[in-house]
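Colleague: So that we are looking at the same thing, I have put the structure below in structure tokens.
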Amino acid sequence: MLLPSDLQSALEVAGVFFAALSGALSAVRKRLDLFGVLVLAWVTGLGGGILRDVLIGAVPPVGIADPALVLTVLVAGFATSLFHLRIERLRRAVVVLDAFALGLFVVVGTLKGLQYDVGWLAALFVGTITGIGGGVVRDVLTGSVPLVLQDRQLYAIPALAGSGAVVVLWETGTLNGWTGMGVVAGVVAFRILSLWRGWVVPEAATGGWPSLWQTRRRKP
Amino acid sequence: MLLPSDLQSALEVAGVFFAALSGALSAVRKRLDLFGVLVLAWVTGLGGGILRDVLIGAVPPVGIADPALVLTVLVAGFATSLFHLRIERLRRAVVVLDAFALGLFVVVGTLKGLQYDVGWLAALFVGTITGIGGGVVRDVLTGSVPLVLQDRQLYAIPALAGSGAVVVLWETGTLNGWTGMGVVAGVVAFRILSLWRGWVVPEAATGGWPSLWQTRRRKP
Amino acid sequence: MLLPSDLQSALEVAGVFFAALSGALSAVRKRLDLFGVLVLAWVTGLGGGILRDVLIGAVPPVGIADPALVLTVLVAGFATSLFHLRIERLRRAVVVLDAFALGLFVVVGTLKGLQYDVGWLAALFVGTITGIGGGVVRDVLTGSVPLVLQDRQLYAIPALAGSGAVVVLWETGTLNGWTGMGVVAGVVAFRILSLWRGWVVPEAATGGWPSLWQTRRRKP
């Protein structure tokens, strides 16, 4: 057992809420109707977990079957459509909360893969997909190329690192509440630090990738 | 048992045919090639059911395994590519038939979820997804933001209402051929009435949603 | 058993490598970042197989669980981001290798469907989806209408023909290493011949489909 299950549930609800908030905000900016806002809150908050559950055979996915999680995205969606102007002003806070959602999703998702005994590689994939899949589906539904594929931010790399850490802890029998929370904290710190310091993924076409990231050039 | 199974099959085939017709028409308008028309007929007619079957673990999905259903979408696709000019002129009829497809899909889809014992909430989701999922996949494949997220028409709300009604009838043991057909009729009536009266979903960003729908303003 | 399993694995790895190469090239052209290149290599090389495995219930899909296959797409992705200029110059070779990938995917995919006992029609679908699904997901993620739906090239028809041939060989008990390789060769030849001779799928809207393909008109 990674965490006392009440704590694990509370953390998952928090992650879903913040991710759903960011999905709903992007729907409001794209001028979707109210139903569109609720759907985007749903896919951004729960889409990564739905992909994970389909890939590991855990059907029906919790994203359509768990009332607490579905209620969470509905609350986030309605709140956004009512208070989006105020939430926009909290943009900096939303970015931080979004980093928390990433860390929580990655740890919870990798762990679920390992519990379903899919092997370390598939667990690594589904952990990462739990973290970034919701945003990808959100972008595809709103007709954009997924941000995570093109904006050069470090989003997937903290996810992969966190997922890998969970796999290593699991395989060495050292995964417990404290180490699990440590991985969450590490992913959050990595993500926020990369934003703050402007670390980016290299463009593929420059051939510059042996230095895996580099500081974004400031304009002179 | 909801309906005599022959009747249930006949209704499903009818729903698939009308949905496939609308998918094929949109492919012709986008100037896809003949294969593209057949694929769009297939995803629009059967894509919602394929998503449903994957989400409830009913594999292989009927949308790739049932010869009668696959033949139905092929006939709709070829017919559209031959007679699309004539079908375009029947646009009003197509809208009505499309409403029938929605009602049939929602009832059949919710029922299948309940039969697979996925719980009421997941059944509600897969019923709605059966109804509107095909159109969403069609729009994503043709590079559009799904209509159902942005055009403010009442499409998902009748679907959710119908799916909820099936869940209530099932839980209270009162689901049978007559009540099931009643739900289909209710969804169709709700959908057509909303088109006729111009009811729309509020824009999310106006904050006007406490009145859940409002009459579309006529230009002066 | 279709093929000695070592040979079958080697062929699958080759198919995945060439498909991943073409996916990574399209990511470089779209100026995605390095992570985007790796993801596009992955979805193009393994996405068709992942869809197949989800549709037949073979979870977790090999595309996230098999280290050899995942390593193959990573190598293709990194190689493309380092050497894309040189690979672009080999465009003609890439087209031929891509045709090999199509043939291999179709035969391996149809066979896996038949081994999972999903019926001939579902096997036909998953064989074709294994062949063309990766390219469809690649195009959707990069915001394009899938090429296979609109460019009128014969891509899906060789796939369907190959998949149908495998089904017939399986049902008649004549599927073995030699006939299986024969189908691969037939798909490759059909695909390359269609490119060379300029055969195209008719536009749906011209109503000209009773002649299933026609020579592309040369400009005068």
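For all residues, glycine too, the Cβ spot is worked out from N, Cα and C.
OK, TrEMBL features for this one:
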DOMAIN    A:10-84  domain 'Glycine transporter'
DOMAIN    A:96-170  domain 'Glycine transporter'
TRANSMEM  A:6-25  transmembrane segment
TRANSMEM  A:32-51  transmembrane segment
TRANSMEM  A:63-83  transmembrane segment
TRANSMEM  A:95-114  transmembrane segment
TRANSMEM  A:120-141  transmembrane segment
TRANSMEM  A:153-170  transmembrane segment
TRANSMEM  A:176-193  transmembrane segment
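In the displayed structure, how are the listed features positioned relative to their neighbours?
Modeller: Beyond the ends of the transmembrane segment (A:32-51), by six or more residues, the same chain brings 16-17, 19-24, 26, 61-64, 69-70, 72-74, 76-78, 80-81, 105, 109, 126, 129-138, 141-142 to within a C-beta distance below 8 angstroms of the stretch.
Through the fold, the transmembrane segment (A:120-141) approaches residues 19, 23, 26, 39-40, 43-49, 51-52, 55-56, 102, 105-114, 147-149, 155-156, 159-160, 162-164, 166-167, 170-171 of its own chain, all at least 6 residues removed from its boundaries and within a Cβ separation under 8 Å.
Non-local neighbours of the transmembrane segment (A:153-170) in the same chain are 102-103, 106-107, 109-111, 114, 120, 123-124, 127-128, 131-132, 147, 179-180, 183-184, 186-187, 190-191, 194-195, 199-201, 213; each lies 6+ residues outside the stretch with a CB under 8 Å from one of its CB atoms.
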Colleague: Taking a Cβ cut-off under 8 Å, which residues six or more beyond the ends of the transmembrane segment (A:63-83) line up next to it in the same chain?
Modeller: 9, 12-13, 16-17, 20-21, 24-25, 27-28, 34, 37-38, 40-42, 45-47, 49-50, 53
